[in-house]
Each structure stands twice: as structure tokens, then as C-alpha cells.
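Chemist: Grabbed the feature section from TrEMBL, which reads as follows:
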type	residues	note
BINDING	HIS129, HIS133, HIS139	Zn(2+) binding site
Amino acid sequence: MYIEMLDNTGKVSDDMQQETVKLLNFAANFIHLPEHKEMAITYVLNDEIQKINHDYRGKDAPTDVVSLEYEPEQISFDADFDMPEALQAELAEFDSFIGELFISIEKAQEQADNYGHSYEREMGFLAVHGFLHINGYDHMIEEEEKVMFALQEEILTAYGLTR
């Protein structure tokens, strides 16, 4: 999986970014995501994530991670239209982008301190949590929450990123 990494803070090390790429590729394999998928992660400060949270979720407060799942538009053609293979391949590329995450490094540090684990573990947790959201997992109802939270813990443990 290709992951575009953007650091709007200038404070996330290349090592941490590369470790996040490895973790999310591990997670992608864990949930059997096709290899050709792509996503983006942008590291931000609280003021930027507060604006994103307001714009996309209607909540005027900073949060730890905002996940924006990409849902490609359905393209329909007349039944008699024979789509050339080159066009099919080109359209398939648009379906490869699954979404983007915005992670507040300030919230990550605050939560790591509150939960008594490392900043690296919290950043990994937030990346996996957001990754699962853009792959259709949610925690709005109790049954979904149990599935999602168990899966994210299973991924983090299997990867070796424990509390």
C-alpha cells in the first residue's frame, strides 16, 4: 500500500513516519486489503485539527485523529458501451485511494501521558484506529465497537506495539 506522509508540524521524525508506513502496511495485510490501495496521513497541531474537525464533523474542538474515508463515485455507462481496457485501468486507479487521516501530535502526546504509555505507541494506535475507520470499521454502536477495538488491539499486539 502506498501511503503519502505529510508533516505540517515539522516535528514528526522520518523514522516515526517510516515506522507508521510499516505498521499500516502490516495492518493492511492483516485485514487482507488489496496491495494497490493508497492513502494519506497528515500530522497537524491542535489548531489545525480543530478546524478540520469543525469542517468535516461539525465539532469545534481539537481531537486526536480525523479519518476521511474516500468513497468513489459510481460511474455508469450504457449497457452497450464497451469500455476499452486502458480506460478501465485508468478508472481503477481512482478506486485505489481509500482515504486520509489527520493526526494531532499534541493530542497524541497528551493521551500518551494520560494513559501511561509511549508517544510512539499512541501515534501507532491513532494511525491504526484511523486506518480501520477508512476501511469501513466504526464504533458508533456497541457491537461495532467490540469488533473494531478488538481488531485494532490484535493488530497492534501482533505488530509488537503494546502498552
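If you go along the chain as it appears here, the first residue is 1 and each next one adds 1.
From the backbone N, Cα and C atoms, a Cβ is placed for every residue, glycine too.
Where the annotation comes from TrEMBL, it is an automatic prediction and has not been curated.
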Chemist: Find, for the listed binding-site residues HIS129, HIS133, HIS139, the residue with the lowest Cβ contact count at a 10 Å cut-off, counting only other Cβ atoms.
Modeler: HIS139
Chemist: To test your reading of the Zn(2+) site: which residues beyond HIS129, HIS133, HIS139, same chain only, put their Cβ within 8 Å of the Cβ centroid of those residues?
Modeler: SER67, GLY130, LEU132, TYR137, ASP138, MET148, GLN152
Chemist: Look up HIS129 (Zn(2+) binding site) in the DSSP assignment and reduce it to helix, strand or coil.
Modeler: helix
Chemist: Could you tell me which three-state DSSP class HIS139 (Zn(2+) binding site) falls into?
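Modeler: It is coil.
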